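Quick look at what Swiss-Prot annotates:
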- Cys122-Cys128: disulfide bond (DISULFID)
- Cys182-Cys304: disulfide bond (DISULFID)
- Cys480-Cys483: disulfide bond (DISULFID)
- 434-565: domain 'Thioredoxin' (DOMAIN)
- 1-19: signal peptide (SIGNAL)
- 163-183: transmembrane segment (TRANSMEM)
- 208-228: transmembrane segment (TRANSMEM)
- 243-263: transmembrane segment (TRANSMEM)
- 296-316: transmembrane segment (TRANSMEM)
- 323-343: transmembrane segment (TRANSMEM)
- 365-385: transmembrane segment (TRANSMEM)
- 386-406: transmembrane segment (TRANSMEM)
Amino acid sequence: MAQRIFTLILLLCSTSVFAGLFDAPGRSQFVPADQAFTFDFQQNQHDLNLTWQIKDGYYLYRKQIRITPEHAKIADVQLPQGVWHEDEFYGKSEIYRDRLTLPVTINQASAGATLTVTYQGCADAGFCYPPETKTVPLSEVVANNAAPQPVSVPQQEQPTAQLPFSALWALLIGIGIAFTPCVLPMYPLISGIVLGGKQRLSTARALLLTFIYVQGMALTYTALGLVVAAAGLQFQAALQHPYVLIGLAIVFTLLAMSMFGLFTLQLPSSLQTRLTLMSNRQQGGSPGGVFVMGAIAGLICSPCTTAPLSAILLYIAQSGNMWLGGGTLYLYALGMGLPLMLITVFGNRLLPKSGPWMEQVKTAFGFVILALPVFLLERVIGDIWGLRLWSALGVAFFGGAFITSLQAKRGWMRVVQIILLAAALVSVRPLQDWAFGATHTAQTQTHLNFTQIKTVDELNQALVEAKGKPVMLDLYADWCVACKEFEKYTFSDPQVQKALADTVLLQANVTANDAQDVALLKHLNVLGLPTILFFDGQGQEHPQARVTGFMDAETFSAHLRDRQP
């Protein structure tokens, strides 16, 4: 009886399910690409459907899907919108989860025509697969003289671009714009017009009329926000193109320059005059007339409000979110209207005295607008150059504010000057590192010294030349996020470097995924990246020491102590 029980225990422990319970971290728990992304197709004359069944915990990159016809003509393929995914190294990318159905219209296909489909995906656990290529055989299709009908693409979950600033900032910006030289002096006049020249209104009545005026103005701005966000939703893919991002960055920079006084940006004077006449025809003191006056006022942009309004409109177009677009502009208008409501109720005694400080407020908003092109360019030029741009902007803002504050004579301004100077010195650090090469030197000192190999023959030769030393082979690719995490966080750790001091370090860069790369991965039986292999002094791999997926420095150091031959 005891022998039977012992045999049963051995049988259970030998199965893959129970054996998986004893796998150490880093052992492969990932399925092959064909199981992670099950690909299928179905053709019915001119209509071809490509489908991917995506395993839970995995995703496909939208930008990595490519379709190339051979001896066939197809209509333009419109990829459905995905969901946003963000990582430290590549920023935001659109991805597909669960299931993707892609309809393709075949305009004409000769006998033997094919469709080459390339795609690539990753696992949430930080494991990426090389690009997969499938060949789809096409049935013969005779060209149809009629114009092909546009392909109806099923929409997946709408992506919402994550913007770096909350919509609530629009409220603060609106309040700040109210204190610029083009707006603040006009509030007493506007208050009188809204009340219809009546001085003996109750506080509640005056507040109600002013609130209605602000809501009319807010309605105009909200409508603008909805229209721009809807347009951004239609052109969301185009708005993420590097050339478009660079163009928008230039526009934002020009808008900021107008806030610095380099030129004046406003509606044509003839249009402003016409809108003003329409507003003057309305009857002040009545709710209906006041509402129309506010709605028209939202269209009359002064030189101080045109640039911020244009910047906010272009900014929310990046989101493609109509709720965010309308809400942002509503809060912006509400912020501009709050000082007007206070003046109407409490009178001019709440207004600060006009002076040069209003120009400084206008200049400060120019720097706020300048932050937007930096945010956009960061997606194109990468994190390192993005940090340098933020550094330059910080130095310009805090340095300029410090120089301006030197004109102040009040004692408490000395504390402000010290804070501004300290902020400028902190901001300049990335530029200092770049100028004097500090960052490069540090990186050079912390990187492992890998010997690059490309082919199976080069690997075998390197194993022979190791002369009895243990060997570690790191398989790397630019499209592998976890590979970059290994490089930045794990291989730079002093404990890891010390543990690998007597190990021959090899690295194969398979970014190109060419025939040699594919042959090497197949020879090593590698499903995807990151994968790190360990060989003993005789050139034999230790499969139990193989690492798939990211390990931090502490875990990897423990793995080296326990597993490395």
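Even glycines carry a Cβ here, placed using N, Cα and C.
Between the C-alpha atoms of Cys128 (disulfide bond) and Cys480 (disulfide bond), the distance comes to 6 Å.
Neighbour counts were taken as the number of other C-beta atoms within 10 angstroms of each residue's C-beta; across the disulfide-bonded residues Cys122, Cys128, Cys480, Cys483, the minimum falls on Cys128. Reported as a whole number, the C-alpha separation between Cys480 (disulfide bond) and Cys122 (disulfide bond) equals 9 Å. According to DSSP, Cys483 (disulfide bond) is assigned to a helical segment. Each residue contributes its Cα atom, and for Cys483 (disulfide bond) and Cys122 (disulfide bond) those atoms are 12 Å apart. Break the domain 'Thioredoxin' (434-565) down by DSSP state and the numbers are 61 helix, 24 strand, 47 coil.
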